[in-house]
Every structure is written in C-alpha cells, then in structure tokens.
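Worksheet: one structure, shown below.
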Amino acid sequence: MSLQMVTVSNNVALIQPGFSLMNFDGQVFFFGQKGWPKRSCPTGVFHFDVKHNQIKLKPAVFSKDSCYLPPLRYPAICTFKGSLESGKHEYIIHGGKTPNNELSDKIYVMSVVCKSNKKVTFRCIEKDLVGDVPEARYGHSIDVVYSRGKSIGVLFGGRSYIPSSQRTTEKWNSVADCLPHVFLVDFEFGCSTSYILPELQDGLSFHVSIARNDTIYILGGHSLANNIRPANLYKIKIDLPLGSPAVNCTVLPGGISVSSAILTQTNNDEFVIVGGYQLENQKRMVCNIVTLDNNKIDIREMETPDWTPDIKHSKIWFGGNMGNGTVFLGIPGDNKQAGSEAFYFYMLKCAEDDVTEDQKTFTCSQTSTEDPGDSTPFEDSEEFCFSAEANSFDGDDEFDTYNEDDEEDESETGYWITCCATCDVDINTWVPFYSTELNKPAMIYCSHGDGHWVHAQCMDLAERTLIHLSEGSNKYYCNEHVKIARALQTPKRAVPLKKPPLKSLHKKGSGKIFTPAKKSFLRRLFD
C-alpha cells in the first residue's frame, strides 16, 4: 500500500463530504458537490482528471434526452451490467441529500453514450417505481445480484427525516434509522418489493456491502437508535426462480465494528476496507482485507499504510473508491493558519497497477462517507465551511466558465432571506412556484442603491416576465423601490410649442403689396 498526497488545481471547494466517485472504463467522475449547481454543470458531475499528483475538475456533458440529475450527497450507488456481451456497465443512483437539504427517493440510471479523447457524454434516466417504494433516505446501500440468468437490485438501510407530523421548528432536520427492510428492485419493470427478515432487527446506515453473484454481505454500520456500531456480519442470499424471489439471511461470525468505511476491490476475490470510524470521535486506522471464496467470507487485518501525522491527528476523514484498488481520502486543513487549505487530499493505492479490466468496472455499492454530524459533535455547517476561491476552468476547454463564488453553503445562501415585509418564502415549507425552478426559489436583482435580491414569487412576477428579465440586462426595481426609482428619473424634455409666423399682411385677392405706412396704420387699427 502506498499513500501519496495530491493537490486539486481548481475548484477545490466542490469536494466536500458526501460525494461519490464513478469509474467508467478507467475514467473517474466526481458526483455530488455541496451547494447549488450553476449553469456550467447543473448536474454536479465532473471529470476527475488526475495527472502528476494533481486533480483537475472538468464539467461533464449530458445528452439532450437526459433528465435532470441533482448533485446528491450520501446516495447509494452501484454498477449494473446491462448485457454480458457488450461488457458495458451503468451506474444506479438512489436517494441522497439534495442541495436544498431534502432527501431524494428517486432512482437514476447513468450510462455513457459517446466517448472521445476530450469528453464523455452521459445519459441519465429516471426510473419510476411501483409497489413497496423505499422512502427517501441517505447513507444506505444498493447492490445488484445475479441469479439464474436474471438480475435484481437489493436496497438496505439508511436514515430518513422523522415524519412531518412529528417535525417541529427545533427538530425539523432530525433523522431516524429506516426500518431494517430489504427491498428488491426490478430495474427493467420498475417493481419494488419489501421483505422483513427476522435476523435484521435494527436499522443500520453507513455500513459496508459487498455483492458477489447471488449473495450480499453486510458488515459494520451505525445504529442511530442505540448509538452503537455493532460488529455484525450478515449474509443475504437471493434466489430468482420463475416465481417469487426467495430471500434468506444468515448471521455470520467474524464481523467488524466500523462505519463510513471505504471499500475498494484489489482483485477478483479480494477487497480492502479503508478508513471509517469505530467510535463516536475515533477514526479506525486499521485496514482489513476481505476474501470471498466458495460462498465464504474471510476478514482479517492487514498491514496499514504509513499514515501522515495530519491524518493521524485529524478528527474526521472522508473519501471514495476510485476503482482499480485506489482510494481517495480527504482531511480538514488547519483553519487556524492564514491561507491554509480547507482540505488536504491523498490517494491510497491498495493494489498493483496490473489490474484487470473486470476489476476496473466493479464498484462497491455503499456510499463511502458518513454525515460528519453523525460521527462528531460538530454541526455540518461548522465543520465544513469553505472560503470561495475565484478559480475557474482553463480557458482552452470547451465548457462555460465556472465560478466558485457561486457555490455557497446552503445555510448561508441568500435564497432564504426575507426580501420584503410580506415575504413568506420559508426553507422548511417552500415548494416550486415557477416551472423553471428546481430546488430553490427563483430570485431577481433589484437595482436600487447598492442592489439586493428579492424573490420573484413575492414580487408577483409572471413567469414570462421572470424569464425575460433573466435573459437580458434590463434593470429591475422591486415593489418597494419602484416608486422611488420612478421619482428619481429625469423628466422627459418637453417639446417647445411652435409659434405660427406672422403672416404677411396683404389684401386678399388684390395682388398688391401694402406700403409700410399702410401696414403701420392697419396694425394700430386692429390693436
């Protein structure tokens, strides 16, 4: 195992806890940055270009028939082989936290439709489910098992917000363990079925899951209700006959107590567990090697890498599986020193470079990061605050310029301001008003004075007017300042009245010109 420090050359503020990494034929893509997405990459998917220990983030491109994919944090992700003949694979994405800090219950399927030397074009499709639909959650796992020539997805664990009827102002963002149900999801027909297994009594989240043929192994995890990380090891076997599926669960010995660990595959039968937590505020510095052989699992400790002092002394860490036996790690920087980085990043190689193509495309299902609020006493907004850096993508790229100043922490963003006396936009109750809105209310800029932002909904703007003002550079004044702005306008210059010229005094029809003396006499006469 080798540990190497890497630097992010641009837009480092995008990389925050909760992200996911996807490996398409050796190319790694970053997904799920925290903050509100902008025009340069509205889906939050970036190419993770690693060269000479430097990482460069480039926005990904999606086909025109793709659906909207929000930048989800802490989702469940796994690979799915569409057909054994083609060898291509897709990524299944379920759940996670949206930029609005709500939870998603949607399933997305990502695939590559075009690949060139410069860019990769993705297609994202949203799958509708019927039956026992899993509730919105995060920190769970989703895997694909194969049995009797068929495949099916298996979803388990996670956390969700408490029901709306129990949510108060103080406990609005309180979460609870999801019920320990096992969901079988048919991606082809969109059917979901829930199974209750007596061996699974407590809800788990941020656990490790390993799928092999028709079997899934679940180990570790955190039980929020009991605040423990049980050293359990479950073996769930799925049989897919012509009729109803058969689901069996067995409790095995030899489990480990860990949550938020990162799993990477080193060869066909071996996996390595890196990182995670063993107690509330104690990182797990030990690495484990997991061997699967003839439906048996063996977990043992292995030689740990030479951790740097920064990694040893940091309270938290996070990361993701880059594939090919490589793990991407991040730790907080020293915020006490001026000019210090918000995070330091490392690449841990757990396997040799001669990895087969099958290993490159295999990815574990479980998300690799844990909500820091669940493992440390600090709040998420306190732990991970970033100062914006005015870096951008290189000008020679064919993408729009990305500005890090646009990426704000949702707890401090101006979307939830009180823009006027009658403003009723609330972060806890807001629902989309315009069709152009995604997960945040539309805003318009008032040009009065130094300028300020107001909600388009509070200003009673028609959607057509909102789009018109957004596309152009016209100045706009809110309801409070429009009268002041009109009063300050310079009045239009009045057109002077034209005075008719003095007509020549002459006798009509005479054709004779009056002499000056006669003209003087006539003026006195008529005056």
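Numbers here mean position along the shown chain, with the first residue as 1.
Backbone N, Cα and C atoms are what each Cβ position is placed from, and that goes for glycine too.
Please treat TrEMBL annotations as automatic predictions, because they have not gone through curation.
Not measured: the values here are computed from a predicted model.
Listed in TrEMBL for this protein:
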- C419, C423, H455, C458: Zn(2+) 1 binding site (BINDING)
- C446, H452, C478, H481: Zn(2+) 2 binding site (BINDING)
- 414-491: domain 'Recombination activating protein 2 PHD' (DOMAIN)
Top Cα neighbour of C458 (Zn(2+) 1 binding site) in the set of binding-site residues C446, H452, C478, H481: C478
Cβ-Cβ neighbours of H455 (Zn(2+) 1 binding site) (radius 10 Å): 23
Averaged pLDDT score, the domain 'Recombination activating protein 2 PHD' (414-491): 79
Non-site residues, in chain order, whose CB comes within 8 A of the mean position of the CB atoms of C446, H452, C478, H481 at Zn(2+) 2: Y445, S447, H448, G451, V454, Y476, Y477, E480
CB contacts for H481 (Zn(2+) 2 binding site) [other CB atoms within 10 A, all chains]: 17
C478 (Zn(2+) 2 binding site) and C423 (Zn(2+) 1 binding site), Cα-Cα, nearest whole angstrom: 12
Remaining residues near the recorded Zn(2+) 1 site, that is with C-beta within 8 Å of the centroid of the site residues C419, C423, H455, C458: I417, T418, C420, T422, D424, V425, V454, Q457, M459
Between C478 (Zn(2+) 2 binding site) and H455 (Zn(2+) 1 binding site): CA-CA distance (Å): 9
Nonlocal neighbours by CB distance (under 8 Å) for C419 (Zn(2+) 1 binding site), same chain, sequence gap 6 or more: V425, M443, H452, W453, V454, H455, C458, C478
Structural state census, the domain 'Recombination activating protein 2 PHD' (414-491) (DSSP three-state): 19 helix, 8 strand, 51 coil
Candidate with sparsest Cβ neighbourhood (10 Å radius) among C423, C458, the listed binding-site residues: C423
Residues satisfying Cβ distance under 8 Å from C446 (Zn(2+) 2 binding site), sequence separation of at least 6: H452, W453, V454, Y476, Y477, C478, H481
